[in-house]
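**Student:** The structure under discussion is supplied below as structure tokens; questions concerning it will follow.
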Amino acid sequence: MAAREESTQSANRVLRISQLDALELNKALEQLVWSQFTQCFHGFKPGLLARFEPEVKAFLWLFLWRFTIYSKNATVGQSVLNIQYKNDSSPNPVYQPPSKNQKLLYAVCTIGGRWLEERCYDLFRNRHLASFGKAKQCMNFVVGLLKLGELMNFLIFLQKGKFATLTERLLGIHSVFCKPQSMREVGFEYMNRELLWHGFAEFLVFLLPLINIQKLKAKLSSWCIPLTSTAGSDSTLGSSGKECALCGEWPTMPHTIGCEHVFCYYCVKSSFLFDMYFTCPKCGTEVHSVQPLKSGIEMSEVNAL
């Protein structure tokens, strides 16, 4: 029976990363609340909140504490991750929420401690210089001890996975799941699908620059736009000059490349600049030189139309 309870507790134990994520979410929420609160005072006199910043922060954190830990036994970050605080000092194995005294002490240690850390030097500034120096040394010594205690607590937390902060260890509260967690089955179908799609996308990014889109487009257009003259007829430059061999329209500034077909100047020049091995899509003739069509032949064709 005891072995079964131990296995159940180990299966429902909150992961270390989940507890640390909850702390990071709490810090992010506090920064967001404070930034949104300061936005309300942009139109006021500069430095208005500077004098009362520790007190205003303490009031905001107290407001958050009232509607999170005091009422729901969990911080905002813990609620997101489906965990909450449990009274570790209770001998009953059934879930026991933190007592009211523990919640109040939690507020004193977290909210009051941060307020005292920001206000301690201001409280002793008006004192005598010697007493201020002694108070400063004492405060530095206490802060150093707390930092050392937090470091030792964090090392123990990494080893045992319990009490993520020094405050939790001193008050005897630790994180547990809100509901019993069942064993999760990890499936790799989604990951495999994402890896395949990413690999296919990288392959396309590597392959597409190697494809001559302009040449492929010209080849397809040559299949779609048939020759106006038949194979048996005498194909002359005038009979084939009624349309551009690339775009199929009446040639604008007609030019030739050494074969019997006519091109728009823009079509043939852009294709030749894009591909130095450009060939005529109709007959496959290589570009020797781009020459304008003789005006006499062009005018005769216009008159024939």
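Positions of Cβ are set from backbone N, Cα and C atoms, glycine also.
OK, Swiss-Prot features for this one:
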- 1-15: topological domain 'Peroxisomal matrix' (TOPO_DOM)
- 16-42: transmembrane segment (TRANSMEM)
- 43-48: topological domain 'Cytoplasmic' (TOPO_DOM)
- 49-74: transmembrane segment (TRANSMEM)
- 75-98: topological domain 'Peroxisomal matrix' (TOPO_DOM)
- 99-125: transmembrane segment (TRANSMEM)
- 126-133: topological domain 'Cytoplasmic' (TOPO_DOM)
- 134-160: transmembrane segment (TRANSMEM)
- 161-187: topological domain 'Peroxisomal matrix' (TOPO_DOM)
- 188-211: transmembrane segment (TRANSMEM)
- 212-305: topological domain 'Cytoplasmic' (TOPO_DOM)
- 244-284: zinc finger (ZN_FING)
- Cys244, Cys247, Cys264, Cys267: Zn(2+) 1 binding site (BINDING)
- Cys259, His261, Cys280, Cys283: Zn(2+) 2 binding site (BINDING)
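Relative to the rest of the structure, where do these features sit?
**Tutor:** A Cβ distance under 8 Å defines the sequence-distant neighbours of the transmembrane segment (16-42), meaning residues of its chain 6+ beyond its ends; these are 48-49, 56-57, 60-61, 64, 75-78, 80-81, 83, 157-158, 161, 164-165, 175.
Taking DSSP states H, G and I as helix and E and B as strand, the topological domain 'Peroxisomal matrix' (75-98) has 5 helix, 5 strand, 14 coil.
Within its own chain, the transmembrane segment (99-125) has Cβ neighbours under 8 Å at 53-55, 57-58, 61-62, 65, 69-70, 87, 131-132, 135-136, 139, 143, 167, 170-173, counting only residues six or more beyond its boundaries.
Within the zinc finger (244-284), the DSSP-based counts of helix, strand and coil residues read 10 helix, 4 strand, 27 coil.
Sequence-distant neighbours of Cys283 (Zn(2+) 2 binding site) (same chain, six or more apart, CB under 8 Å from its CB) are Cys259, Glu260, His261, listed in sequence order.
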**Student:** If you run through the topological domain 'Cytoplasmic' (43-48) with DSSP, how many residues end up as helix, strand and coil?
**Tutor:** 0 helix, 0 strand, 6 coil
**Student:** Please report, as numbers and ranges, the same-chain residues at least 6 past the borders of the transmembrane segment (134-160) whose CB is under 8 Å from any CB of it.
**Tutor:** 16, 19, 117, 120-121, 124, 127, 166, 169
**Student:** Which whole-number value in Å describes the distance between the Cα atoms of Cys267 (Zn(2+) 1 binding site) and Cys280 (Zn(2+) 2 binding site)?
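**Tutor:** Cys280 (Zn(2+) 2 binding site) has its Cα 11 Å from the Cα of Cys267 (Zn(2+) 1 binding site).
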**Student:** With Cβ-Cβ distances below 8 Å as the criterion, list the same-chain residues six or more beyond the ends of the topological domain 'Peroxisomal matrix' (75-98) that contact it, or say none.
**Tutor:** 5, 14, 18-19, 21-26, 29, 64, 68-69, 106, 168, 171-179
**Student:** Within 10 Å of the Cβ of Cys280 (Zn(2+) 2 binding site), how many other Cβ atoms can you find? Include all protein chains, please.
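**Tutor:** Result for Cys280 (Zn(2+) 2 binding site): 21 other Cβ atoms within 10 Å.
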